[in-house]
């Protein structure tokens, strides 16, 4: 359209009367591109003026008569305008979805960082307390006691919903509480005898016991992929054990017993089939098990080790009372916190992802303990540990693979 074009009435049309234009509530809308307007060289469509087509007279074109037929070009402009407005909403929604996904990823990353950090602090402070007191039962009892206090506070302040548990549910949970108590006790016994890195290397054997117990009591036949992943785990632990500087049979056997009891808990949870409802999620179940473990552990500790957590006994052992109390409290808080966070992560990711994260956690704990305690590690020991952890990672990836059904 030429810039010299103007609206005019030709003198050769005396009977043509100009029409009065009605511009009520009709703003002229311009599009972002010429393709939306469909502009021809001498025609501009203005949809707001009663959908009529106006001809513009330029210096080289005569004035033509008005047309009363609605312009299809104008209708196309309206359609394009409404289509553009409609597509703006999904774009906003997509931006909101992306923002929500980013928030969830950051939240999950923070939970994983907390999970690893609590594990590092627990193992370091727990090892220091066990090395000073030589009382694994007392230390285990303190950890259950601190956890029970935290659970009680959560329920009293209504920070977490207090469950309504029936007698039948308590009876079903009791075996889980027994093996949970034994598992933590055996872990502390091992940490008191050998290095943190060696204890966690032995605990990498958990998949072996899981496969063994599941086959014995649940009738679950392992796939060739799972059996293939078990081989480097067993071989790596054996290689690390024969080259471990702090090796002793008490520490090795305790760690193995911890593997057996912890995996027995998993098998029992499937065998017993605890009925879960809205009031009995994983965190609530863990809380109930912790309270029951305290009740189970208290009499056994008093009859075997006596009361060894008093200031007088600690002083007689030549240990700083304040340091022992502080480190014991931090270790117990971290012990309870990392298990709570672990269940929070499990509620957000798949079991396979959680297993991979648990494998990485073990690597982080081993490396951090070696650095902190300056544990001597031979090349053979490091190689064996690496092979075992690689096997655990492989197991976590292949255990969900189901064999293809045989076709007739």
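Placement of Cβ uses the backbone N, Cα and C atoms for every residue, glycine included.
Helix, strand and coil residue tallies for the domain 'EamA' (124-241), in that order: 99 helix, 0 strand, 19 coil [DSSP]. The domain 'EamA' feature in Swiss-Prot is assigned to 124-241.
The feature N-acetylalanine is assigned by Swiss-Prot to 86, with experimental evidence given as support.
Feature annotation from Swiss-Prot assigns transit peptide to 1-85; the stated evidence is experimental evidence.
Positions annotated as transmembrane segment by Swiss-Prot, on the basis of sequence analysis: 105-125 (among others).
The transmembrane segment annotation in Swiss-Prot covers 137-157 (among others), and the record cites sequence analysis as its basis.
Feature annotation from Swiss-Prot assigns transmembrane segment to 165-185 (among others); the stated evidence is sequence analysis. Counting residues 6+ beyond its ends, the transmembrane segment (165-185) has Cβ neighbours under 8 Å at 136-137, 140, 143-144, 257-258, 261-262, 264-265, 268-269, 272-275, 279-280, 285, 288-289, 292-293, 296-297 in the same chain.
Same-chain neighbours of the transmembrane segment (198-218): 123, 187, 190-191, 226-227, 229-230, 233-234, 236-237, 240-241, 244, 246-247, 251-252, 255-256, 258-260, 262-264, 266-267, 270-271, 362, 365-366, 369, 384-385, 388-389, 391-392, 395, 399, counting only residues six or more beyond its ends whose CB sits under 8 Å from a CB of the stretch. What Swiss-Prot records for 198-218 (among others) is transmembrane segment, and it gives sequence analysis as the kind of evidence.
Annotation source Swiss-Prot lists transmembrane segment at 222-242 (among others). Note on the transmembrane segment (222-242): residues 198, 201-202, 204-205, 207-208, 211, 214-215, 252, 380-381, 383-392, 394-395, 398-399, 401-403 of its chain, located 6 or more positions outside it, place their CB under 8 angstroms from a CB of the stretch.
Taken from Swiss-Prot, the feature transmembrane segment covers 283-303 (among others), and the record attributes it to sequence analysis.
Positions annotated as transmembrane segment by Swiss-Prot: 324-346 (among others). Here the transmembrane segment (324-346) has Cβ contacts under 8 Å with residues 108, 111-112, 114-115, 118-119, 121-122, 125-126, 128-129, 132-133, 139, 142-143, 145-147, 150, 282-283, 286, 290, 309, 314, 354, 357-358 of the same chain, all six or more residues outside its ends.
Residues or ranges marked as transmembrane segment by Swiss-Prot: 377-396 (among others). Residues 197, 201, 204-207, 226, 228-245, 352, 355-356, 358-359, 362-363, 366, 370 of the same chain lie 6 or more positions beyond the ends of the transmembrane segment (377-396) yet place their CB under 8 Å from a CB of it.
Sequence-distant contacts of the transmembrane segment (137-157) (same chain, at least 6 residues past either end, Cβ-Cβ under 8 Å): 126, 129-130, 181, 184-185, 188, 287, 290-291, 293-294, 297-298, 300-301, 304-305, 308-309, 328-329, 331-333, 335-336.
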